[in-house]
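> Okay, handing you the structure first.
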Ligand code: CTP
Ligand code: MG
């Protein structure tokens, strides 16, 4: 029996949370590391559960931690927890397979983006509901971007105005995401990439600076400051 949040919601959110967090340095799997005293995954799930359209949340946890993650999230929100895989794409596929009949919109959201506001979950879901098969939240790129060779010598400067930094949650019509995962080849770092390969147009909506991905120790420190400041 799959746990449900809002039975009238039309959105399932998949939360890949099975990564090691190598770039964060030695320690527990990243999603389980504390941010202001609570695991990143708890912060992330609490915000997802606060989005009124969400019917179901499926978390892909490190295989060794499925039981403890289930217990950890039980007081936060009704969630289904499955074992993730060796690559993010495999973790998403495992979570997708656990979505019950009902929700026709599926969002994929990194546990590492722990401070993502519920409003972003709603705006991505709304764009899918409005008829877009694939929707990604993006921010403009602020740095000048150079292409370099293997020796770190600059080959050229990329036109920044045409670039976007991509966040999650990424939203999809359910059938589109299911077909893209069924056809998936080599692992990619996001789900929109799989859908692009199917020739499906992917539409951008404005992202949020609060949806930053905790990747390196600096990001964890920044996220702590943002939480203290009320994020
Ligand atoms: N993820 C996952 N399963 C994997 C790898 C990643 O579910 N096998 C999840 C992570 O837990 C994270 C999200 O995908 O919430 C984005 O991945 P990333 O930021 O790269 O996290 P990690 O893979 O844990 O970090 P690193 O690459 O530094 O090891
Ligand atoms: Mg990774």
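Residue numbering: from 1, along the chain as shown.
Every residue, even glycine, has its Cβ placed from backbone N, Cα and C.
Straight from TrEMBL, here's the annotation block:
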SITE      23  site 'Transition state stabilizer'
SITE      30  site 'Transition state stabilizer'
SITE      160  site 'Positions MEP for the nucleophilic attack'
SITE      213  site 'Positions MEP for the nucleophilic attack'
> So which of 23, 30, 160, 213, listed as recorded sites, have a Cβ under 6 Å from an atom of ligand 2?
none
> Cα-Cα, whole number of Å: residue 30 (site 'Transition state stabilizer') versus residue 23 (site 'Transition state stabilizer')?
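With the alpha carbons as reference points, the distance is 9 Å.
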> Between residue 160 (site 'Positions MEP for the nucleophilic attack') and residue 213 (site 'Positions MEP for the nucleophilic attack'), find the distance joining the two CA atoms and give it rounded to the nearest Å.
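Residue 213 (site 'Positions MEP for the nucleophilic attack') has its Cα 21 Å from the Cα of residue 160 (site 'Positions MEP for the nucleophilic attack').
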> Let me know the most crowded of the recorded sites, choosing from 30, 160 and counting other Cβ atoms within 10 Å.
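By the 10 Å Cβ neighbour count, 30 comes out on top.
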> To the nearest Å, how far is the Cα of residue 213 (site 'Positions MEP for the nucleophilic attack') from the Cα of residue 23 (site 'Transition state stabilizer')?
12
